[in-house]
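See structure below.
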Amino acid sequence: MFMANLLLVILPALVAMAFLTLTERKVLGYMQFRKGPNIVGPYGMLQPFADAMKLFTKEPLLPTTSTSMLYLTAPALALSIALLLWTPLPMPXPLMNFNLGLLFILATSSLAVYSILWSGWASNSNYALIGALRAVAQTISYEVTLAIILLSVLLMSGSFNLQSLITTQEHSWLLFPSWPLAMMWFTSTLAETNRAPXDLTEGESELVSGFNIEYAXGSFALFFMGEYMNIIMMNALTTTIFLAASYNMMTPETYSINFMAKALLLTTLFLWIRAAYPRFRYDQLMHLLWKNFLPLTLALCMWYISMPTLTSSIPPQM
């Protein structure tokens with residue numbers, strides 16, 4: 001039964017990821033006054049499957065100077081971690097109901113750094129190594145703010161369990177009392193998923209695709225799938241943390257539809273930002289985090305810690 005439930009989570013997530021690639025190309029196409037994919041199938045709907053067929057039927061290449069075991073393990077690890085992150089997510093009922101669901105997501109997402117580092121180092125290419133080093137520094141840095149923002153949210157909901165966040169937001173979204181945190185969280189998720197304007201790790205103009213330059217065929221497709229799964233996952237998590245819908249046990253499908261619509265809107269915002277903004281310089285990216293986001297998130301976290309103590313000391317009014 002668990003395997004059936006696992007497949008019912010993984011397969012729709014993979015289908016969503018496939019159509020996200022098509023949505024991105026369509027959105028970017030229309031924003032640049034062109035059509036985007038429209039040949040394969042009606043309105044280009046079969047384009048993701050054609051891309052997958054092309055990539056997985058190409059000959060897998062292994063560079064002669066590469067460290068083969070790490071080189072082959074890295075793409076599989078990237079996709080596995082992206083899929084593993086879905087297990088504690090309530091949609092409305094999670095696959096596995098952890099008491100420490102948010103901590104699990106934070107710890108597992110930080111493991112994705114290893115796949116990027118291994119791929120950059122094992123490829124034995126200077127471009128790949130520079131891309132990997134940038135990715136590691138960027139991801140680890142932005143995880144600091146993500147963790148502090150999550151801590152602030154936990155202080156408001158009172159539990160590490162993701163289901164309790166839905167209960168907390170029955171009457172009002174957490175977006176309203178903590179909108180500065182939500183804005184910083186969204187910007188940090190852009191950097192965490194290596195998306196524009198924070199896609200320094202695979203800057204085509206200077207690093208020729210970055211850490212995955214030596215990858216081709218199926219292994220490249222696995223990295224690509226892992227990246228897009230992370231985008232959907234991060235937006236689903238943002239929806240759960242800041243925009244959760246009220247859950248009615250009699251009609252669970254209304255929660256799922258609401259959840260999917262919000263995640264889709266946030267994902268479209270990711271694509272819109274990619275079309276609209278140029279890439280940051282690396283020092284600007286780090287300056288934004290360490291000089292701006294970190295002091296702000298720490299100050300807000302201290303505010304949320306001190307507020308209950310402050311209000312409990314006020315005597316009752318007659």
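Count begins at 1; order follows the chain as displayed.
Placed from the backbone N, Cα and C atoms, the Cβ positions cover glycine too.
From a predicted model like this one, the values you see are computed outputs, not experimental measurements.
Taken from Swiss-Prot, the feature transmembrane segment applies to 2-22 (among others), supported by sequence analysis. With a cut-off of 8 Å between Cβ atoms, the residues of this chain six or more beyond the transmembrane segment (2-22) that come close are 37, 44-45, 47-49, 51-52, 83, 86-87, 91, 95, 224-225, 228-229, 231-232, 267.
Taking Cβ pairs closer than 8 Å, the transmembrane segment (69-89) reaches residues 9-10, 13, 62-63, 95-98, 101, 104-105, 108-109, 111-112, 114-116, 118-119, 121-123, 162, 214-215, 218-220, 222-223, 225-227, 229-230, 233, 236-237, 240 in its own chain, all 6 or more past its ends. Among the features that Swiss-Prot reports, transmembrane segment is placed at 69-89 (among others).
Feature annotation from Swiss-Prot assigns transmembrane segment to 98-118 (among others); the stated evidence is sequence analysis.
The transmembrane segment feature in Swiss-Prot is assigned to 140-160 (among others). Residues 98-103, 106, 109-110, 113, 167-168, 174, 177-178, 181, 184-185, 188-189, 191-192, 241-242, 286, 289-290, 293-294, 297-298, 300-301, 304-305 of the same chain lie 6 or more positions beyond the ends of the transmembrane segment (140-160) yet place their CB under 8 Å from a CB of it.
Remote same-chain partners of the transmembrane segment (171-191), defined as residues 6 or more beyond its termini with a Cβ less than 8 Å from a stretch Cβ, comprise 138-139, 142, 145-146, 149, 152-153, 156-157, 165, 197-198, 234-235, 238, 241-244, 246, 266, 270, 273, 285, 288-289, 293, 296-297, 300, 304. Taken from Swiss-Prot, the feature transmembrane segment covers 171-191 (among others), and the record attributes it to sequence analysis.
According to Swiss-Prot, the transmembrane segment annotation covers 222-242 (among others), on the basis of sequence analysis.
Long-range contacts of the transmembrane segment (253-273) within its own chain (CB-CB distance under 8 A, at least 6 residues past either end) are made by residues 20, 23-24, 27-28, 31, 91-92, 186, 190, 193, 195-197, 231-232, 235-236, 238-240, 243-247. Under the heading transmembrane segment, Swiss-Prot lists 253-273 (among others), citing sequence analysis as support.
The annotation transmembrane segment is assigned in Swiss-Prot to 285-305 (among others) on the grounds of sequence analysis.
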